[in-house]
């Protein structure tokens, strides 16, 4: 009998000196624990970038009134919708560009520039005294904030495969906390002369610009985060004359690349189907945040709760705190038990009865209103983050690293366009609903929440086969 050939050794990875991506891969091989430092950067930068998106919603109603563009009180929602949409229109037009740039020059410079744009244009928004200026600064803030595509790729690339769900969940949770605590900051700090007359004088700068203080607060935090970006490690591979990330060799003999040609992202159905589902949920979530803020501050005679912006801020602060608790103590168990697909479906289904209950809370007051309202807001926030995280995981695992920035750029563009439609559509529908308080079919705000639930139901249906194609590792 002939001798058996010795078993072939597993291919050995070759790392290139001076390549930040190789340095990160080498670090991941050595380190088995959670990359706390990198994920802390991910969380803080994501939080800072998300804060200005929805911080205007508690005072948007009053800002439109003070800008004197609405002829009647019932028309305020119409103008508020277009102002809320301007950020998403800007982001939708530029996100693919920023994703491609992040794949070319790296994740770090795009993330740092995006945080810098928050500092500049969020401050300018607080100084707006004309409707067109408010629209323009919000549009530029969205167009120059190309943060979301690279940070999702980054959160995957700093983690070992078994930790990727945690990485994406950090992005989703920090983003969710930002879009919830942002309105809380807006609610507490807007119109400081009116809310805190013993601290702010009417003739001060905050008397002339009543919505500047929350913007300055967010910009100051973004400045601290921008400085910390200097210590943010890069993850993109940079090899001289090579397009692939890590060359595989046997022994010391270099092998020619056998990489298959890259698949077109638009023909990658696991990616595109998850993006479409993600967009439907994003449209719903953005419309929900705007409608919730407008509904709570509108007068009870129009079906609202007659809350002040400070009251709305308190509800949203508690909802944001619930996200942090959920992230620290529950999400990893949810992902491990149900996986990204089933957790998305379950959280979407459970959101429907919560939304259906909102219009009936207008008949409550005091603690009988406070308890169910706070519980509903907390649960809705938790469910929203769960399904956003699930669909983001599906997107990022449907493509290789060298296409991840562009893939997230496409996802962010599609999501931004859906989110641009959401506040404009929500504002128009809300304004229309307030004029039909005595209609026979779903009067007033009941119609608004019905349409929200129909959007949620569409997203739930799209999370099932045959529409949703699942990446190979989740089959």
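Glycine is treated like the rest: Cβ placed from N, Cα and C.
For reference, TrEMBL has these:
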DOMAIN    38-471  domain 'Major facilitator superfamily (MFS) profile'
TRANSMEM  39-64  transmembrane segment
TRANSMEM  76-98  transmembrane segment
TRANSMEM  110-129  transmembrane segment
TRANSMEM  135-154  transmembrane segment
TRANSMEM  166-189  transmembrane segment
TRANSMEM  209-232  transmembrane segment
TRANSMEM  271-295  transmembrane segment
TRANSMEM  315-334  transmembrane segment
TRANSMEM  346-367  transmembrane segment
TRANSMEM  450-470  transmembrane segment
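Within the model, the domain 'Major facilitator superfamily (MFS) profile' (38-471) carries an average pLDDT of 85. Counted over residue pairs separated by six or more positions, the transmembrane segment (271-295) shares fewer than 3 Cβ pairs under 8 angstroms with the transmembrane segment (110-129), which leaves the two as not touching.
Only sequence-distant pairs (6 or more apart) were considered; of these, fewer than three Cβ pairs between the transmembrane segment (209-232) and the transmembrane segment (135-154) are under 8 A, so the stretches are not in contact. Scored on C-beta pairs under 8 angstroms, the neighbour of the transmembrane segment (315-334) with the top count among 76-98, 135-154, 166-189, 346-367, 450-470 is 166-189.
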